[in-house]
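Database features (TrEMBL):
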REPEAT    177-211  repeat 'PPR'
REPEAT    278-312  repeat 'PPR'
REPEAT    379-413  repeat 'PPR'
REPEAT    480-514  repeat 'PPR'
REPEAT    581-615  repeat 'PPR'
REPEAT    682-716  repeat 'PPR'
DOMAIN    897-989  domain 'DYW'
Amino acid sequence: MEKRGVRAEPNTYFWLLEGCLNNGSLLDAKRVHSRILKLGFDGDRALGDRLLRVYVGLGDMWDALKLFDDMPHRSIESWNCLISGWLAKKAYRNALGVFLRSLREGAGIDRFTFSSGLKACGGCGVSFDLVRQIHAKIVRYGCASDLIVGNPLIDLYSKNGRIESARLVFDELGFKDSVSWVAMLSGFSQNGLAEEAMCLFVRMRCLGVMPTPYVISSVLSACTKSEAFELGRQVQGQIYKWGFMSETFVGNALITLYSRCGNLRAAEQVFREMDNLDGVTYNSLISGHAQRGDGNVAIRFFKEMHFSGFKPDTVTVASLLSACAFIGALEKGKQLHSYVVKSGFSSDMIIEGSLLDLYVKCADIETSRELFNSTNKENVVLWNVMLVAYGQMGDLPESFKLFSQMKVAGVQPNEYTYPSIIRTCTSFEAIHLGEQIHSQIVKTGFDLSVYVSSVLIDMYAKCGRLGVAHDILEQLMEEDVVSWTAMIAGYAQHELYIEALSVFRDMQVRGIRSDHIGLSSALSACSGIQAMKQGLQIHAQAVISGYSMDLSIGNALISHYARCGLIREAYAAFEAVEDKDEVSWNGLISGFAQSGHCEESLKVFVKMNQVGVRANVITYAPLVSASANLADVKQGKQIHARMIKTGHDLETETGNALVTLYSKCGIIKDAKREFFEMSDRNEVTWNAMITGYSQHGFGREALELFEDMKRERLKPNHITFIAILCACSHVGLVDEGMKFFKSINEEHNLIPRPDHYACVVDMLGRAGQLDRARAFIEEMPISPTAMVWRALLSACRVHKNIEIGEFAAQHLLELEPNDSANYVLISNIYAVARRWGNRDKIRLLMKNRGVKKEPGRSWIEVNNSIHAFFVGDRLHPLSDKIYTFLEELNDRATEIGYIQDHNSFLHDIEQEQKDPTAYIHSEKLAVAFGLISLSPTMPIRVIKNLRVCNDCHNWMKFVSRIAKRAVVVRDTYRFHHFEGGVCSCKDYW
């Protein structure tokens, strides 16, 4: 054309530039640009825009920018072209700069300009104030309802967590395309609002909008995150209907859904139906099996992936290592380690962490340390894994040493570092070390982390520092269910059940939805205080929340109803649990034993054996306690024999129960043997033995054992001092007892409880120091309980002190107007003093108030059967023989000095109308029956529900001498061992 002398026009160069763009020749484009400048066509607006488009299209952004700056007239298309060019290069800041420049210069802006500007904002993470300003400009330009602008604005708001703003933009759109729906669905899903995402999908279908594969993928992702697996299964049906299974990413989303819910069979079915597979497909299946602990299956898919030509990536190998760690497959893990080295993945941070986690979980600490030493020490995750490793090994010193090395190496701890070492402190109850870590947490600002705070709360709560734990809870910026649950569990663990339920109520008031752990802890607290009504409410809440089938909730309900004595409800809760474990059975056994239904507890144990469930230490301890409460030493010995066979007799908890068993059954020698044969004794062990000595009248031995306990550097508690004070009371050691009482607070920093005050009053009263006892009560810093007044009144009956007795009776009847024992005590005081009128008034008051005297009752076991006797009982089949034998015993006892104490019958009979010799107490009948029924070598063991009277006590001393048999009587106060005419209490009881 030039050779012929034909002059080129701007349109000629316009098409030449188009050819350069199509051919991708930047050099030819620059030559054409040179000709344009020579011919003076550079002022042509259309030619300038085309030239800018060519430079941008060929990637020469700096020449494009220079051209743009030299252009005399810039059209909207020019601005949009330059911004789009920078976006294509992912130079988001450059793109944003051009966009903001267009705003400043007041250039023409259209919807495409705003769309590109929003994409630039999303790429470089600008401040949200700028996004709001741009949004305001969009509204002012009338582009708010335009798809081109609305879709990226929805995406931008969603990615920045401003989901409500995104929702407003979405709702303002006049027309929504598939991109709009995908953006909004993805936004909900990314922000954890899976339910909203699914509702939006339903809304979309109701409007008749046909979903795209990307929409379906977003919905499946939402179903996975919200665990709405049934809805995901329904979506799968639509996928088949619309033919979307040909899309690989849709199939992958389905596999992920089923893998997460544990339905790996369905995941594999989708896998087999997919036409096109990729690495993500295999990774989803491998990860799913790894999370479920199916290590062998995960490895099988790994091999299949390799044979199919897909190269495993770090995600694949990390999932496989996780699977091996889960099932403890150390050898397979080592094979993977070799593959990692050969494949060049060994320096990858994720792989390093997974390898270290494998060796830690397989307890190969040496290899773990070697691997750790060879890795990049700047990776804080590896330090965290090693801290967990030493914590699992129970090596607290090494944990702190590693933590110190971490600081020396300059590695900054993160929010997962501190919890690792705090948990180790918690397991060792090393509260002082934990406090040091807490101070560092505060200095580094991690005390604002909800995760760190929850672990701190757990530590302080478990170590008994509940006030500190509650302060941390109150300072939390977020409402974290784990932290609140830890607080509830801490209070329940330390038997502060009212406080635990108070925190649970506060949690509900704040709108925090409790999980199954919180509900089970609250149920445990209800059990501790027999709060049946609250327990029913929590049961209903568990059902409403969908936790009714949860095993931990089921077991908590079993324990709750059993401990509250609700037998039918406990069995119903037990039957409702499908997969019963040892905890389920133990909940019934322990609960019934604690609520006094000891025979029911033993029945459950029999059923447990019949179905083949193995008993453990938690099973045996309450069983032994149940036998002790029933005084069924034979049953207790059978359980003891079973414990020896299974090796559970060596456990401290069962040993403690055995000491209590033999003590409560009157066999103090066996209790002593168990105590001294135990290799590991705790405070409960010592308390059980000291209490046993005390109840059996061995006060001196109890005090000696207490001194041994202190030499062992074991800290006495409230129960210890109750036993010690009782021991002093039973042997008349008043001065020693008062010193022990003062030491409770002065030496051991314990606050005396009402039981301790009652023990002191009993001790002073037994010693006849009634005035001192009354003065002690009047000086008490707390209000005297019924137990305190009853101890004083009982002493007044023994020492025939009517004045103080009436004083005590007045207070006692105010506190317990319906307890028959109180009226009997008062009545006996008047009867002993021959004040029959006063006695009759008490009887009349008792009658008017509808209070009935509890009848005296005694039990004795003969030939595996329990025989019970009442006062003057003649219902026993051998009653004639028993009464005949009793007459012989009385005659022989009278011959050697026995004289009946008539004062012991003054409440039971009318002194003027009945003969006391014909009114025989139940313990005499039981002893007589035992003597004629048991082998001469066997001791007589009797249990009575009331205190043994003076006459029966004296009579049994003579009987033990006549029959040359040991007679052991357990009443509500203590044990009496009669042998050779002497009682172990030395008549001081």
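Here the Cβ of each residue, glycine as well, is placed from N, Cα and C on the backbone.
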Problem set entry | Average pLDDT across the repeat 'PPR' (480-514), rounded to a whole number | 92
Exercise. Taking DSSP states H, G and I as helix and E and B as strand, how many residues of the repeat 'PPR' (581-615) are helix, strand and coil?
Worked result: 26 helix, 0 strand, 9 coil
Problem set entry | Chain residues outside the repeat 'PPR' (480-514) and at least six past its termini with a C-beta under 8 angstroms from it | 450, 453-454, 457-458, 460-462, 464, 466, 469-470, 472-473, 521-522, 524-526, 528-529, 531, 534, 541, 545
Exercise. Against which stretches of its own chain does the repeat 'PPR' (379-413) lie, if we need a Cβ under 8 Å and a gap of at least six residues from its ends?
Worked result: 349, 352-353, 356-357, 360, 363, 365, 368-369, 372, 420-421, 423-425, 427-428, 430, 433, 444, 446
